[in-house]
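*Asks:* TrEMBL feature annotations, pasted as is:
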type	residues	note
DOMAIN	B:30-211	domain 'UmuC'
BINDING	B:ASP34, B:ASP128	Mg(2+) binding site
SITE	B:TYR39	site 'Substrate discrimination'
ACT_SITE	B:GLU129	active site
Amino acid sequence: MKIRVERDGLADAVAWVARSLPSRPPVPVLGGILLDASNSDALTISGFDYEVSATVGVAATVADGGRTLVSGRLLADITKALPAQPVEIMVDGARVSITCGSAKFSLPTMPVEDYPQLPAMPPHAGELPGEVFGLAVSQVAVAAGKDDTLPMLTGVRLEINGDKLTLVATDRFRLAMREFEWKPAPSMTETGEVAVLVPARTLAEAAKALGTAGKTVEIAHGDGLIGLSGSGRRTTSRLLDTEFPRYRQLLPSEQTAAAIIDVAPLVEAIKRVSLVAERGTQVRLEFSESGLKLSAGGDDEGSAEEELGVEYTGEPVTIAFNPTFLQEGLGALHADRAELSFTTPSRPALIKPVDDEGNVVPGYLHLLMPVRLPG
Amino acid sequence: MGRSGDLPRGLVDRYKARDGRWPDDTGCHVLHVDMDAFYASVEIRERPELRDRPVVVGGTGGRGVVSSANYLARTFGVRSAMPTAHARRLCPKAVFLPPTFSLYQDVSAGVMAIFRDVTPLVEPLSLDEAFLDVSGALRQLRLTSGQIAERIRARVAAEHGITCSVGIGSTKFVAKLASGLCKPDGMLVVPGDEVLAFLHPLPVSALWGVGKRTAERMAEVGLHRVGDVAATPLPRLRRTLGNAAAEHLHALANGHDDRTVEPESVDKSVGAEETFEVDRTDREGLRQELLHLSERTAAALRRRGLRGRTVSIKVRFGDFTTITRSRTLSVATDVTQEIYRTACRLLDEQTPPGPVRLIGVRVEQLGEDAAQQLFLDAPERGWRDADQAADQARAKFGGAAVRPASLLARNPDERTHYRQ
């Protein structure tokens, strides 16, 4: 194999594929990146660890076709550090040389024969604009569990119902749900509702890479896999094979109090008062018609409070939240104003985006479980 | 601490009461109270017929070690931390008893309560020893340190049927040395202006931080007694011992110890561990042990009203290599099942295979449990309620009243009992 590629395209492609590689590969080849120059005018760069695969093509001048497997981590570090000049990659026996300007690297290769076959892309299910997909995933994945002792909570549930796509995630402390329209494949309109559970981390990574404005993201599904593609990049992931909680029955059906509030000043105030809240302890919100009082801490660690103007309807209430969860929920709205609604201090609260007229923008909700205060 | 055999004759007697009068204890506000052969004494109190026999408390299994031996057993050479099998060879006539920790905890709590009647500044070091700062009590009770110590000794004996020894000094270091030198059932006062006279004849191993290896290294350069260390210029000590150790030991040898008595420090972590009689390789058995340890850890957390965010396991392999692996939860817990589930994950995913000698569970990043993060799909009654109900049953009917079904086959008192 002997090829020449542009440095920037190569570095981006390698960095993206390397991101999906396992940090501690169970066998060395799974930590490798496959460079495939079998086609005459492109280099295909892939990684696969039996869970997630990533493939991207970059334009290349191929003098000699062929395939080789090298350490993904090392290749990513090297390509990132190369000067902005054409890169020549050449395989010579069991080593591969990378030359760029006056820099020259020689790396050992791993046996291509031992590398697993990448899964084929499953059948096409539908498509949507990149920016819509990117935003929706980021709004929902924030609520997914990071604790893999509860695997069913580490995924984002993706529900396809005709031209409606719903994304949901919950770690039991909060739940985020986004509903929006997309363009299903003709075959999907007859299958009725389809729901799959996609590892949240993989989905978030893919959405970052594919969710570019002006590009289209294609979603494919079948055979226990989800496929996502766009902008010349393709990724597949094994679906989580566990039951997602029955969440719809957990969503509050009523609210007795609601506040409409500007998001940015609220987030700033939460950051300030929670300085005295030791890690993981709560910030208290006292709502009344005269406004919102935030407070945190106590006699021992120091205390803080701050007042904000708020449009509030309902009986006065004091409710407490984990400040990190509250900030993340407000941040996930991607809106300037928010509605906070609740019933009692020990029942779920909802945060929704609000438009300039003070009306709730449908399509997104973020549920937060409060912290029960002593006494 | 060196054995008293290394001590110059007469040294200790100088600081004991003579004709009912104690040495001048002005400025001696630190008491170190140490129960004598604590576990063994408590066992003998429960069974007075053992009073005149050698009694050894410890693990009775193949790998058990001696936790405590009464003074009669010690005359045969039995010492704490010695393998029980060795103790049996030294003293075959001794009565060997497995420890009953719940009993020692009760007695310990009672003894600590006596200390706290005297002063709030009580720093327990373990179940059977504590430092007391009595400077406030001296003014309030219009007693001398020596009189306070005599009262404490009398109350412990009267109320709990065991003896203790008290060292009295101007610093923690001196007080602790003094109690060690007057055991059993004794009391020693080291007056403030005699600290150096008291310290300097002692072997270097009396210095806090000097173990066998350091003592050997010090002997090579001619440092045998504490006085030798005090007389050596710091730069020379630094060359032998390194900077930190040199400064620390030089200060101690000159009677300087600025550690204050810290009452009941806030716990940084709570945990439990188990050493096996025979190295174990079966993961199912290890998981079962993790359940047992998680249960003990979670119960200890709940008893103290604490929750922790980080769960860690410690695994010591047959070749003594030891690893710890930890994971931080999003919300602090005191629930057995949550600790157990996390501990199992750490075992399954981050622990290499191999014969395991010791396994432990620990919960860190502790906080008080006043406020409670609520769960979305929490059932009306969850694991936490089950744990609390079990705590209540155990409080009423004893430790074995409620146990996870998978641990039922085990004998609760014989903590290292396994069927292979």
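Yeah, the Cβs are placed from backbone N, Cα and C, and that goes for glycine too.
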*Asks:* Using the alpha carbons only, what distance in Å do you get between B:ASP128 (Mg(2+) binding site) and B:TYR39 (site 'Substrate discrimination') once rounded?
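*Replies:* So the alpha carbons of B:ASP128 (Mg(2+) binding site) and B:TYR39 (site 'Substrate discrimination') sit roughly 9 Å from each other.
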*Asks:* Would you identify the secondary structure of B:TYR39 (site 'Substrate discrimination') according to DSSP, in three states?
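*Replies:* Assignment for B:TYR39 (site 'Substrate discrimination') reads helix.
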*Asks:* On the 0 to 100 pLDDT scale, where does the domain 'UmuC' (B:30-211) sit on average?
*Replies:* 90
*Asks:* I'd like the number of other C-beta atoms within 10 A of the C-beta of B:ASP128 (Mg(2+) binding site), please.
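*Replies:* Cβ-Cβ neighbours of B:ASP128 (Mg(2+) binding site) within 10 Å number 22.
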*Asks:* Would you count the other C-beta atoms found within 10 angstroms of the C-beta of B:GLU129 (active site) for me?
*Replies:* 19
*Asks:* Under 8 Å Cβ to Cβ from B:ASP34 (Mg(2+) binding site), same chain, six or more residues apart: give me those in sequence order, or none if nothing qualifies.
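*Replies:* Counting only residues 6 or more apart in sequence, the Cβ neighbours of B:ASP34 (Mg(2+) binding site) under 8 Å are B:ASP128, B:GLU129, B:CYS164, B:SER165, B:VAL166, B:GLY167, B:SER179, B:GLY180, B:LYS183.
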